[in-house]
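Colleague: Before anything else, here's the structure in question.
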Amino acid sequence: MKIAVLSRNPRLYSTRRLVEAGTQRGHEMVVIDTLRAYMNIASHKPQIHYRGKPLEGFDAVIPRIGASVTFYGCAVLRQFEMMGVYPLNESVAIARSRDKLRSLQLLSRRGIGLPITGFAHSPDDIPDLIQMVNGAPLVIKVLEGTQGIGVVLCETPQAAESVIEAFMGLKQNIMVQEYIKEAGGADIRCFVVGDKVIASMKRQAKPGEFRSNLHRGGVASLIKITPEERITAIRAAKVMGLSVAGVDILRSNHGPLVMEVNSSPGLEGIEVTTGKNVAGMIIEHLEKNGGPNQTRTKGKG
């Protein structure tokens, strides 16, 4: 197969591994800088140009679209879909998963366990918002943040009020969530491919920190997940419409709670921790399911 990898940086671990795994399995892998591709939208024959030439003959596309380029990245991916190229994850699903609020609303509607969550812009009754999520300690998140940036743990109602007021002053939409103390600063990243969790790891925040992101100095280790956690991760990915996803779960006293569903999960942490060839399994999934004109939405979304 001829497979495009949409990525800003061919040197990133995840991009390198996908190219390696695809090449080893006999595919032609082409890395395309998402922002440098440009499109002919209104022709009877949809096209994407790159470095002065049309991109042609692709069977599948692997989107590795960073959060900051979601809008343009999804537009390029949608154009590939219009051209009948099979996407590993569809543009509609990626856009959906990048909207944290919409994601939680969809997961909640399907009865998937979530932390109690409030959403606000400039609430006229801050104490009531704080009470809504069972009071302090609580976590406040900026809607657009990634890698643990824009996430604050407030230990007291006073601290929570100050932080909410500060974000209001910045005209930010915020999420206010109950703090799951029993998780002990750890979460579980379940790596879903198709309808299986193919690998999972525990991420433990460094001492004195509550954010377990590896970018924040969190430490990854092997973990055996429960059947309930496995089912939750697979269902969460399915609700979002993602074939490949990193589902972040907290262990709480009332079962697994989904924190986030990531449409472009990094491979380095999970491969190094588990020793599994995750990139190879992703390519294998493409071989089984990919092929021209196999996209469900046909670029409609």
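Placement of Cβ uses the backbone N, Cα and C atoms for every residue, glycine included.
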Colleague: For the ATP site that Swiss-Prot assigns to K141, E178, Y179, R211, S212, N213, which of D128, D187 is also named?
Modeller: D187
Colleague: Please name the residue among the binding-site residues E178, D187, D248, E260 whose C-beta has the most neighbouring C-beta atoms within 10 angstroms.
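Modeller: Highest number of other Cβ atoms within 10 Å: D187.
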Colleague: Reported as an integer number of Å, what is the Cα distance between S212 (ATP binding site) and D248 (Mg(2+) 1 binding site)?
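Modeller: Rounded to a whole number, the Cα-Cα distance is 10 Å.
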Colleague: CB neighbours of N262 (Mn(2+) 2 binding site) within 10 A?
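Modeller: Result for N262 (Mn(2+) 2 binding site): 21 other Cβ atoms within 10 Å.
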Colleague: Translate the DSSP assignment of E260 (Mg(2+) 1 binding site) into the three-state scheme.
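Modeller: It is in a strand.
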Colleague: Need one number for the ATP-binding residues K141, E178, Y179, D187, R211, S212, N213: the maximum pairwise CA distance in Å, whole number please.
Modeller: 18
Colleague: For R211 (ATP binding site), name the DSSP secondary structure in the helix/strand/coil scheme.
Modeller: coil
Colleague: Determine, using Cα-Cα distances only, which of these binding-site residues is closest to E260 (Mg(2+) 1 binding site): E178, Y179, D187, R211.
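Modeller: Comparing Cα positions, the closest of these binding-site residues turns out to be D187.
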